[in-house]
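Peer 1: One structure, as structure tokens, below. Some questions next.
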Amino acid sequence: MSRVTLSRYLIEQTRSNNTPADLRFLIEVVARACKEISHAVSKGALGGVLGSMDTENVQGEVQKKLDVLSNEILLEANEWGGHLAGMASEEMDNAYQIPGKYPKGAYLLVFDPLDGSSNIDVNVSVGTIFSVLRCPNECFSQNDALGEEAFLQPGTRQVAAGYAIYGPQTMLMLTLGDGVKGFTLDRELGSFVLTHDSIRVPESTAEFAINMSNERHWEAPVKRYVGELLAGKEGPLGKNYNMRWIASMVADVHRILTRGGIFMYPRDGREPEKPGKLRLMYEANPMSFIIEQAGGAATNGHQRILDIQPESLHQRVAVFLGSKEEVERATRYHQE
Ligand code: AHM
Ligand code: MG
């Protein structure tokens, strides 16, 4: 049987589902950039890419060399093709303008170039997360600079989202709003090959993911919920739960897409003015779109993440996502 590469899948989508050709091209370019990032990540110390820069990003986090390199790879790959009106990234304070010498297109690309920074130097899976939005007509101009407001659209308006995970295998997980497909990088072919055709998150689960070291800072509903998970068979939920925490959202979400589970990064008392650690536009929204398209759920404890109207590019949000039953339970506890 012939193998279905990402390119072939995208061409078939263009024919059957009216996926526009420029969106197909956009995904192809992002996938090519992810291959390049995968290559750099896999070289590690041999490529001289480990360790930190002496710079901080807009959120005051020390940038790793690979954060900066991955950001540059994505910008350079995407700026010239004529498919984008602009880009935004975890690693840049403001919207990235398409240089004047290149044509502009209809889409906006938002990304976390290398998620899981704390795992880069210790050889644990990291990844690239991306979200694609349409540029609103009133913001689109060949001449004017693109402002932040063009990007501030709720996650329901995403036309595509995905992530690449750089782990034992490099994989690209993609949704165009019609289910989730998983592609594995065949390094000999140099292509992403469709290996996971219909990804579903099981509705119930006995596995959870949360950074337990923050327990004392959590709000009451999270303390109650995790307390019940830990109580196991003898507690109110009547079953034993297992725990995993990789500290790379891509890797934790990937496990949940594969075998179910609930992932939580709640808001907590460490920085009460911030509603959580993870960023809405390029972490929570694309991951929530993927999880929902695979039959799971994603909320901030109070409402569906995809319905949140963003107020700024680097806005943070609490995240509860994964198997429906558990996400609904955690959300209910916030409402009670
Ligand atoms: P990053 O984008 O700077 O890598 O931060 C996001 C990461 C997520 O991948 C992960 O879920 C979380 O931060 C881990 O946080 P913590 O170190 O607090 O457990
Ligand atoms: Mg991140």
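Glycine too: its Cβ is placed from the backbone N, Cα and C atoms.
Model, not experiment: these values are computed from the prediction.
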Peer 1: May I ask you to find which of Glu90, Glu91 TrEMBL records for the Mg(2+) 1 site already listed with Asp112, Leu114?
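Peer 2: Of the residues offered, the record points to Glu90.
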Peer 1: Same Mg(2+) 2 site as Asp112, Asp115 according to TrEMBL: which of Glu234, Glu271, Glu273, Glu283?
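Peer 2: Looking at Glu234, Glu271, Glu273, Glu283, the one TrEMBL places in the Mg(2+) 2 site next to Asp112, Asp115 is Glu283.
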Peer 1: For the substrate site that TrEMBL lists with Asp115, Gly116, Ser117, Ser118, Lys277, give the additional residue from the candidates Asn18, Asn78, Asn211.
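Peer 2: Answer per TrEMBL: Asn211.
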Peer 1: Mind checking how the domain 'Fructose-1-6-bisphosphatase class 1 C-terminal' (201-334) divides into helix, strand and coil residues in DSSP?
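Peer 2: Across the domain 'Fructose-1-6-bisphosphatase class 1 C-terminal' (201-334), the residues distribute as 60 helix, 21 strand, 53 coil.
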Peer 1: So if I measure Cβ to Cβ from Ser117 (substrate binding site) and keep only same-chain residues at least 6 apart in sequence, which ones fall under 8 Å?
Peer 2: Glu61, Lys64, Asp67, Val126
Peer 1: Out of Asn211, Lys277, Glu283, which of these binding-site residues is nearest Leu114 (Mg(2+) 1 binding site) by C-alpha distance?
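Peer 2: Nearest listed residue in space: Glu283.
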Peer 1: Check the Cα-Cα distances from Glu90 (Mg(2+) 1 binding site) to the binding-site residues Gly116, Ser118, Asn211, Lys277, Glu283 and tell me which is shortest.
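Peer 2: Nearest candidate: Glu283.
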Peer 1: Counting every protein chain present, what is the number of Cβ atoms, excluding its own, within 10 Å of the Cβ of Asn211 (substrate binding site)?
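Peer 2: 13, counting other Cβ atoms within 10 Å of Asn211 (substrate binding site).
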